[in-house]
Amino acid sequence: MAKEKFDRSKTHANIGTIGHVDHGKTTLTAAITTVLAKRSGKGVAMAYDAIDGAPEERERGITISTAHVEYETDNRHYAHVDCPGHADYVKNMITGAAQMDGGILVVSAADGPMPQTREHILLSRQVGVPYLVVFLNKCDMVDDEELLELVEMEVRDLLSEYDFPGDDVPVIRGSALKALEGDAEWEEKIIELMAAVDDYIPTPERDTEKPFMMPVEDVFSITGRGTVATGRVERGQLNVGDEVEIIGLEEEAKKTTVTGVEMFRKLLDYAEAGDNIGALLRGVSREEVQRGQVLAKPGTITPHTNFKAEVYVLSKEEGGRHTPFFSNYRPQFYFRTTDVTGIIQLPDGVEMVMPGDNVEMTVELIAPIAIEEGTKFSIREGGRTVGAGVVASIQK
């Protein structure tokens with residue numbers, strides 16, 4: 001069987017289903033693949049069991065079960081993630097194992113918003129899922145129109161509470177199970193949902209279009225030529241002759257010009273996101289640039305020491321701590337390529353954090369690092385990972 005060619009002409013977006021346990025996330029995922037495959041003849045219908053039996057993956061030492069499915073509408077190609085358990089969602093969103101350009105929030109019309117509905121909305125806000133579309137599921141079980149309107153209002157209020165535009169978010173009423181069973185009236189609702197996703201979730205800006213940034217992994221001198229910083233370009237493009245800033249670990253950023261770009265010992269005119277390169281830096285001594293700093297387009301990223309973060313603390317079984325920790329705990333924070341010591345403050349009313357918990361915390365690093373909202377990090381202690389986090393907001 002020849003492999004199908006990936007169609008690049010369509011724009012691509014990463015999305016996922018979120019919401020309370022048993023509200024129908026996986027059934028909806030199966031229904032989307034089934035209805036779209038049936039209507040367009042493209043893509044593969046996935047059964048509930050195939051999605052639900054997702055294999056475990058390890059992301060930064062953390063065990064996560066995630067199902068990845070793909071499907072396409074007339075306008076777009078989608079990669080869709082669905083997680084079986086609540087803990088898997090928390091881990092997935094915090095580690096960025098599956099970056100989402102948007103999410104489908106599934107709420108059972110029969111039950112209304114539940115604790116995990118709230119928690120997933122909060123997580124989406126914290127980790128930077130920019131857009132949510134709501135699927136009000138199990139509407140076939142609710143005869144009362146007023147009740148549906150009440151649930152919809154509740155969901156909209158909840159979204160607004162976490163700074164999503166609750167009044168504008170599309171809410172589609174449907175039944176994933178009925179659609180999956182082939183009921184034409186409910187199949188239409190799946191088509192309606194995907195039209196809303198196509199329309200409401202903007203085409204994501206690809207990494208190559210963003211401002212240039214490369215974490216420095218290694219530095220060496222070439223006699224007679226200068227200093228070379230190596231690393232993998234995280235985003236954007238770098239052209240020979242571009243001015244860049246060296247940021248992090250020092251109070252002051254230093255400006256320099258890139259006089260050469262090499263990949264696999266060959267000279268390039270430019271490098272882009274995903275390339276492993278060496279950048280030759282004009283007028284910079286080997287001592288002035290080090291692992292843990294980043295090269296970036298001037299003015300696009302600044303070094304910070306204080307931030308709020310959403311963190312998942314590894315369980316004992318995942319190789320994490322065996323005991324809780326408290327405020328003023330001082331582990332290492334591993335950003336991109338380096339460790340920096342940081343001091344943790346827990347929120348008011350949170351006495352301690354147990355292994356396996358997720359928590360919002362404030363961190364103060366002892367040296368400034370190039371960070372922004374959405375930057376991922378690991379928390380380490382004696383060389384082993386004890387937590388994973390994402391910067392939710394910069395304080396200083």
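For all residues, glycine too, the Cβ spot is worked out from N, Cα and C.
Cys139 (GTP binding site) counts 21 other C-beta atoms within 10 Å of its own C-beta, drawing on all protein chains shown. Annotation comment: Swiss-Prot describes 19-26, 82-86, 137-140 as GTP binding site.
The domain 'tr-type G' annotation in Swiss-Prot covers 10-205.
Residues 48, 51-52, 67, 82, 84-86, 105-108, 111, 113-117, 120, 137-138, 176-177 of the same chain lie 6 or more positions beyond the ends of the region 'G1' (19-26) yet place their CB under 8 Å from a CB of it. Among the features that Swiss-Prot reports, region 'G1' is placed at 19-26, with the record citing similarity to another entry.
Summarising the annotation, Swiss-Prot assigns region 'G2' to 61-65.
Marked as region 'G3' by Swiss-Prot on the basis of similarity to another entry: 82-85. Proximity of distant same-chain residues to the region 'G3' (82-85), defined by a Cβ-Cβ separation under 8 Å and at least 6 residues beyond the stretch ends, is recorded for 16-17, 21, 25-26, 29, 51-52, 54, 64-67, 69, 92.
The annotation region 'G4' is assigned in Swiss-Prot to 137-140. Outside the region 'G4' (137-140), and at least 6 residues removed from its termini, the chain residues within Cβ reach (under 8 Å) are 23-24, 27-28, 106-110, 148, 173-178, 186.
The average pLDDT for the region 'G4' (137-140) in the predicted structure is 97. The binding-site residues considered are Lys25, His86; of these, His86 has the fewest other C-beta atoms within 10 angstroms of its C-beta. Shown in sequence order, Ser108 are the residues of the chain, 6+ apart in sequence, with a C-beta less than 8 angstroms from the C-beta of Asp22 (GTP binding site). Fewest other C-beta atoms within 10 angstroms, among the binding-site residues Gly19, Cys83, are seen around Cys83. Gly19 (GTP binding site) carries a strand DSSP state (E or B). A helical conformation is recorded for Lys25 (GTP binding site) in the three-state DSSP classification.
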